[in-house]
Structure formats: C-alpha cells, structure tokens
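Below: one structure, written as structure tokens.
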Amino acid sequence: MKFALALCAAVLLVVLVQAEEKCTPGQVKQQDCNTCTCTPTGVWGCTRKGCQPAKREISCEPGKTFKDKCNTCRCGADGKSAACTLKACPNQ
C-alpha cells in the first residue's frame, strides 16, 4: 500500500512539473522510459509507465546472493550484474 501511494505521489509530481513546461504542439521527447508528446494547447502529455531503476555498476562473486536494502540479489555469471527481487523497501 505504501508503495502504491509513493508511486501515485511520484506520478502526480511528474505531471505537475510537466504541466509548467511549455512546448511546441506535436513536439515529442523521451523522459526515462516514457514518451511525451506536446498537446495542441502547448502542454506536455506523457505516458506513465513504471520505469525500471537505472542500472549501476557492481562487482560481486558469481552465483552468490546478497542484500540490497530489503531485496535479495543473485550475482550473475560475469560478476558485474545481478538479478534482484523488486520489493518496495520502507525508508531505511
């Protein structure tokens, strides 16, 4: 439930910020994994996909598991990538 509320708040913030930014009708831009198109009234309208967090470089022992906040990750065979659960962790 907390995750859903946080997600709604984030979407609302993005929409409010975008509403203040004027644009040329028909203009298109990318914002993270979302596509934004300028409406005929000169206001951005964007898709609201839940984007994956940005990837970061890691170094780990291949095959080993480790914690990332409240999520459990398993190190990839290359020692530079990992697959993690996607729990919404409470503020830590």
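Heads up, the Cβ atoms here are built off N, Cα and C, so glycines get one too.
For C75, the partner cysteine in a disulfide bond according to Swiss-Prot, taken from C51, C60, C89, is C60.
Of the listed cysteines C8, C38, C46, Swiss-Prot assigns the disulfide bond with C23 to C38. Per Swiss-Prot, the residue annotated O-linked glycosylation site among T35, T65 is T65. Within the set C70, C73, C84, Swiss-Prot assigns C70 as the partner of C89, by disulphide bond.
Checking C33, C46 against Swiss-Prot, the residue bonded to C36 by a disulphide is C46. Looking at the candidates C51, C84, Swiss-Prot gives C84 as the cysteine bonded to C73 by a disulfide. Inclusion criterion for the recorded positions C23, C36, C46, C51, T65: a C-alpha placed within 10 angstroms of the C-alpha of C73 (disulfide bond); this criterion is met by T65. Neighbour count (other Cβ atoms within 10 Å of the Cβ, all protein chains): 12 for T65 (O-linked glycosylation site).
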